[in-house]
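Trainee: So TrEMBL lists the following for this protein:
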- Glu352: active site (ACT_SITE)
- His351, His355, Glu434: Zn(2+) binding site (BINDING)
- 83-103: compositional bias 'Basic and acidic residues' (COMPBIAS)
- 112-278: domain 'CAAX prenyl protease 1 N-terminal' (DOMAIN)
- 73-104: region 'Disordered' (REGION)
- 24-45: transmembrane segment (TRANSMEM)
- 173-202: transmembrane segment (TRANSMEM)
- 223-243: transmembrane segment (TRANSMEM)
- 249-276: transmembrane segment (TRANSMEM)
Amino acid sequence: MPFLPIIKPHYTQSPSSSSDDSPFAYAIAATLAFTLLVYIFESYLNLRQRSSFFKTEFPKELASTVGAIDAELKNKPNGTTSEETKDGSSNDETKKEEDKVDKSQPLLPQLQSKFSKAQSYGLDRISFSIISSLYSLIEECAFLLYGFMPYIWDVATSLGSNKYGWTETSDEIKITLLFLGITVIIGTITSLPFELYSTFCIEKKHGFNKQTPGLFFTDKLKGLLLTAVIGGPFVALLLKIIKMGGPHFYIYVWGFMFVFSVLMMTIYPVVIMPMFNKYEPLKEGKLKEEIYELAGRLEFPLTKLFVMDGSKRSSHSNAFMFGFFKNKRIVLFDTLMDQTHDDEILAILGHELGHWKMGHTLTNFVISQLYTGASFYCFSLCYNSHELYRAFGFNDESRPVPTIIALLFFFQVIWAPIDKVLSFIMTMHSRKCEFEADEFSVNLGMSKTLQSGLCKIHLENLGAMCPDPWYSTYHYSHPPLVERLSAMMKLDKKSK
Ligand SMILES: [Zn+2]
């Protein structure tokens, strides 16, 4: 590799340098080159997206699409909404919501009135991510060049041996946990200014943030405690399995990861989510009846229906579902209930249940399991390439290469390019699923209410109204609003 220089970290475990004729001697240079390339490409996309937020004219395509929806909503033809349409109830709701945006007015003027706000929010967010990604790049490169990992590992080792008499060979897991603890604390401290700025400057400026500093720090503390309580035993077990599993350890790791993810999916909503938010059953009434009716029609085993106090932290809105087999729950953010009509919520749930009915939820679970299996299989092939880790400063031949270090370098160096490609494919796949779920809701006869519901969520969340096509292709897990609306309108035309 004559075009890459041999770079050695400033801190190494041993002054004796590892052999320069190994191909791994170029590992640091190759990692830096890849990181830099990704950074340049993603920065280019960021700048493209940033310039889209300087547009002052409301996008024509969106105007004509939403204008057409408004026209159709005005002379609502029979059968566009489900049989349980709002007759009397919409009047009550309009009255209730008069103090907020007038939701009975056509969608286009509503969107247009939020356009400049959405542009300024988008501009602030993208400018922030340009700065924070530059910082991440500098941090990552500095850590590699300095030899941050071997340095922290040695700090953890000497701490452990001085205080408790630990040795690297017999107490590797304990030293690993200490090492990870130090790394997590450093990571929390360095990312804190960015999180504070994002929450208390940008989100606050645009009226989204509802968090007090007290709540912010309690959340942080709870998060760290959970990382220690769940992450600690998880890492300890994972390392034990890798060490004891022999040459085919990846099979056992795979099984372990499967059990762990099922366990997490079970306890997360029941134990962890309630530590951060309040979940109250949706109050009796028309909406509740309609949701149960919809679930019944789709044979969705809905056991619990909650409203979550999302407004405690942010006025961004959402809805989601979770649970296994015959025990499914749906959660609506209280913010969503404020921002939309009941029939729009129903159409949005029609979309969400579409994901379930069409097997997207299961497919994603299977894909993530395959991904885990593949990554650990590849890791098993590299596990013993000690020269790789020596290149990063773990070059004391008399000491074992810690398993956690092998894992971290594998994911940072070898797996990172594969991961970039795979996650791009997954983003594209996710957009395809979104279109399918929209179609599902349309086929339930909720096309118009889904369209207006999506418009309202979009304008309330100040979503980008004219995103850059390259940026959205690369980053968006959901297709841009105008694409979803036009796809649904095409379906409407077809069915007529
Ligand atoms: Zn979706």
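Cβ coordinates come from backbone N, Cα and C, glycine included.
Where the annotation comes from TrEMBL, it is an automatic prediction and has not been curated.
Each of these features: where is it, how hidden is it, and who are its neighbours?
Mentor: Of all the Cβ atoms in the protein chains shown, 19 others lie within 10 Å of the Cβ of Glu352 (active site).
Under the DSSP three-state reduction, His351 (Zn(2+) binding site) is assigned to helix. The Cβ of His351 (Zn(2+) binding site) lies under 8 Å from the Cβ of Ala437, Asp438, Phe440, Ser441, Leu450, each of these being in the same chain and 6 or more residues away along the sequence.
Non-local neighbours of the transmembrane segment (173-202) in the same chain are 121, 124-125, 128, 132, 135, 139, 152-153, 155-157, 159-160, 164, 166, 209, 211, 213, 216, 220, 224, 227-228, 231-232, 235-236, 239-240, 402-404; each lies 6+ residues outside the stretch with a CB under 8 Å from one of its CB atoms.
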Trainee: Apart from its near flanks, which chain residues at least 6 from the ends of the transmembrane segment (249-276) lie with a Cβ under 8 angstroms of it?
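Mentor: Same-chain contacts beyond the flanks: 219, 222, 226, 230, 234, 237-238, 241-243, 322-324, 329, 368-369, 372-373, 376-377, 379-380.
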Trainee: For the recorded Zn(2+) site formed by His351, His355, Glu434, which further same-chain residues have Cβ atoms within 8 Å of the site's Cβ center?
Mentor: Glu352, Gly354, His360, Cys433, Glu436, Ala437, Asp438, Phe440, Ser441
Trainee: Does anything in the same chain, at least 6 positions from Glu434 (Zn(2+) binding site), have a Cβ under 8 Å from its Cβ, and if so what?
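Mentor: The answer is Ser477, His478, Pro479, Arg484.
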Trainee: Which whole number is the mean pLDDT over the domain 'CAAX prenyl protease 1 N-terminal' (112-278)?
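Mentor: Averaged over the domain 'CAAX prenyl protease 1 N-terminal' (112-278), per-residue pLDDT gives 94.
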Trainee: For Glu434 (Zn(2+) binding site), what is the secondary structure state per DSSP, taken as helix, strand or coil?
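Mentor: For Glu434 (Zn(2+) binding site) - judged by DSSP and reduced to three states - the answer is helix.
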Trainee: I'd like the number of other C-beta atoms within 10 A of the C-beta of His355 (Zn(2+) binding site), please.
Mentor: 20
